[in-house]
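Visitor: Residues annotated as O-linked glycosylation site in Swiss-Prot, with similarity to another entry given as evidence: Thr14. Annotated N-acetylmethionine per Swiss-Prot: Met1, in sequence order. As annotated by Swiss-Prot, phosphoserine applies to Ser99, Ser125, Ser182, Ser665, Ser730. As annotated by Swiss-Prot, region 'Interaction with DSC1 and DSG1' applies to 132-297. Annotation source Swiss-Prot lists repeat 'ARM 1' at 132-171. For 172-215, the entry in Swiss-Prot reads repeat 'ARM 2'. Taken from Swiss-Prot, the feature repeat 'ARM 3' applies to 216-255. Sequence annotations record features per position, and here Swiss-Prot assigns repeat 'ARM 4' to 258-297. Swiss-Prot lists 298-341 with the feature repeat 'ARM 5'. Marked as repeat 'ARM 6' by Swiss-Prot: 342-381. Annotation comment: Swiss-Prot describes 383-420 as repeat 'ARM 7'. Taken from Swiss-Prot, the feature repeat 'ARM 8' covers 423-464. Look at Swiss-Prot and you will find 470-510 tagged as repeat 'ARM 9'. Per Swiss-Prot, the feature repeat 'ARM 10' maps to 512-551. The repeat 'ARM 11' annotation in Swiss-Prot covers 574-613. Annotation source Swiss-Prot lists repeat 'ARM 12' at 615-661.
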Amino acid sequence: MEVMNLIEQPIKVTEWQQTYTYDSGIHSGANTCVPSVSSKGLMEEDEACGRQYTLKKTTTYTQAVPQSQGDLEYQMSTTARAKRVREAMCPGVTGEDSSLLLATQVEGQTTNLQRLAEPSQLLKSAIVHLINYQDDAELATRALPELTKLLNDEDPVVVTKAAMIVNQLSKKEASRRALMGSPQLVAAVVRTMQNTSDLDTARCTTSILHNLSHHREGLLAIFKSGGIPALVRMLSSPVESVLFYAITTLHNLLLYQEGAKMAVRLADGLQKMVPLLNKNNPKFLAITTDCLQLLAYGNQESKLIILANGGPQALVQIMRNYSYEKLLWTTSRVLKVLSVCPSNKPAIVEAGGMQALGKHLTSNSPRLVQNCLWTLRNLSDVATKQEGLESVLKILVNQLSVDDVNVLTCATGTLSNLTCNNSKNKTLVTQNSGVEALIHAILRAGDKDDITEPAVCALRHLTSRHPEAEMAQNSVRLNYGIPAIVKLLNQPNQWPLVKATIGLIRNLALCPANHAPLQEASVIPRLVQLLVKAHQDAQRHVAAGTQQPYTDGVRMEEIVEGCTGALHILARDPMNRMEIFRLNTIPLFVQLLYSSVENIQRVAAGVLCELAQDKEAADAIDAEGASSPLMELLHSRNEGTATYAAAVLFRISEDKNPDYRKRVSVELTNSLFKHDPAAWEAAQSMIPINEPYADDMDATYRPMYSSDVPLDPLEMHMDMDGDYPMDTYSDGLRPPYPAADHMLA
């Protein structure tokens, strides 16, 4: 009956809502005009606390439900209890003369008496707050059952008024704790929010859940009551405040409530969130983007849903059009997570992601710069043909001068990928002192292979196949890089780094001016040592009949090919030829002619071609029985291999009898030179054959994926992001660090 009376008198409900802080009106039913708390005492209390409140008298009505004398006595005792406690503990708060606490006042100054009284005033204020806190909690606890019934009422007006009251209660900590301790009330709020078509009710109910979500108990209550699907539904609301409350509540759930991420995914939350990226409120977008990052991190299906709903394009637009740092940071975190997804990467690049991210590399926000660097690093393997990256490349070269390990790792990796098979980018980096900057980065990196390896790869790209390649080759020498580079051949450096270094040395040897410094750095003995070790390892597997395994992503046959190719170029110098010959390498080179790998046959024939220019070496080649395999190689499908073989045969047959020379000549004519006079001339005159090696094509980083990476701390309840672990290396572009994502710590 009491609830029915409240429904029949909306004006009374309104007045109750306005004055609920002091008397809910549900349990007392007192037919009285007495204020719930003495207005004079409360005003004095407010002055002591330095605060002001709007005071109203509370009138409750009991026309339909007469109240017993016992209920009235209970209400009077409850109302007076707080006042008695205040009077007992803080007489100055409720007395008539509290305003005269300090009569002596010098205008604009604090007297000594006032300063002495400050601690007691602070204590009095704390006690008053404690009493009020207890009052709020008791009030909310008494009101909960009745409020739950009102929220479940069939009359939408009653439901709206009840939602308003609960919303007010949820704004105070004590009453808020009472609310989230009632599963029935939270469930009623969720049910009301899900079923209402009234905008005010939707606003109040989402506000209630938003307030509760600031406590772990509240998050659990929302989660258990099925609040996540209801909140996802509210993301379609046309009311901005409802959208804000819904997205912030979901954000808190995603951050702190176990199981929330899966629940949001199952409720199609991603499909609702991605379109919200078209809103224009930066703070709203910052929370929305962080929700996307939390859902996409470590979950490939979520990344694909974001892609299917146009997420990459919208995120790139945000990076391009906004300047709010927190939004740019959260957006860059989403892009960083998506940048390890093979499907999302091309979409981000095609939307102009490289250029948009590059805009922020000079930002004053270190966390934004680092996220942009990681994302660029991860995208760079699919952006080798992108135009308009001139400013990005210049900034990356400048970034090589910093000492931050993450910055150096990203800058070197990105430069390595963007200079892969891109002559324009190679020339630009070379002309902007990129070679010098990379050498200095290598010198500072020490044993950090994740910096040294991509830096060496970038140098390898810059020293071949573009108009400024010779300039780059000379620049390495002029910046004292050769000794440091040769040292990288030492074990126990990782094989990927060793392989990249071998390729760089081969390119440096193309410049005659580099031969002497390379020799002084003892590069030839180191290359021969690596060649012997790699060949022995490869032969062991051949003898055992097992497949050649990868060591850190590198096959030993690749090391054999690289070392032999570098020695081939170095052997063009007479002093180097003599040193290679004296290291007793000819038996090994002859053995390599029998290799089943075509590229190894070619480089072995090439180095023998150079060595055979010296008679002593030519005799040694002949003595090792090289004629037979060389005759076979005359029929090779690789023209370079056949030409090298012919040149060696001509050289070693010079001292043979005429019959032998004639037989060799006939064989060469029939097999190789019948339709190629130029090759005949080349073989006879020992002109070096300069066809490109297999590794002349720039080798970039291969995809390296690892597990989820740590993320940067988010200051507005956003505590996650992605960082990137170490990856392995091999030839090929280096895509992202993780195949899962990054968490930023």
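The backbone N, Cα and C atoms fix where each Cβ goes, and this holds for glycine too.
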Visitor: Look over the recorded stretches 258-297, 342-381, 470-510, 574-613 and say which has the most C-beta pairs under 8 A to the repeat 'ARM 8' (423-464).
Guide: 470-510
Visitor: Take a look at 216-255, 258-297, 470-510, 512-551 and tell me which one has the most Cβ pairs under 8 Å to the repeat 'ARM 11' (574-613).
Guide: 512-551
Visitor: Are there residues at least six beyond either end of the repeat 'ARM 7' (383-420) with Cβ under 8 Å to its Cβ atoms? List them, or say none.
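Guide: For the repeat 'ARM 7' (383-420), the nonlocal Cβ contacts are 349, 354-355, 358, 361-362, 369-370, 373-374, 376-377, 426, 428-429, 432-434, 437-438, 440-441, 444-445, 448, 450-451, 454-455, 457-458, 461-462, 698-701, 733-734.
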Visitor: Who are the long-range neighbours of the repeat 'ARM 3' (216-255) in its own chain, taking Cβ under 8 Å and residues 6 or more past its ends?
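Guide: Non-local partners: 176-177, 180-181, 183, 186-187, 189-190, 193-194, 199, 202-203, 206-207, 209-210, 261, 263-264, 267-269, 272-273, 276, 279, 281, 284, 287-288, 290-291, 294-295, 717-720.
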Visitor: By DSSP, how many residues in the repeat 'ARM 2' (172-215) are helix, how many strand, and how many coil?
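Guide: Summed by class, the stretch gives 35 helix, 0 strand, 9 coil.
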Visitor: Using a Cβ-Cβ cut-off under 8 angstroms and a sequence gap of six or more, which residues of the chain neighbour Ser182 (phosphoserine)?
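Guide: Listed in sequence order: Leu144, Thr148.
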Visitor: How do the residues of the repeat 'ARM 7' (383-420) split into helix, strand and coil according to DSSP?
Guide: 24 helix, 0 strand, 14 coil
Visitor: Roughly where does the repeat 'ARM 2' (172-215) sit in mean pLDDT, to the nearest integer?
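Guide: Over the repeat 'ARM 2' (172-215), the predicted model scores a mean pLDDT of 92.
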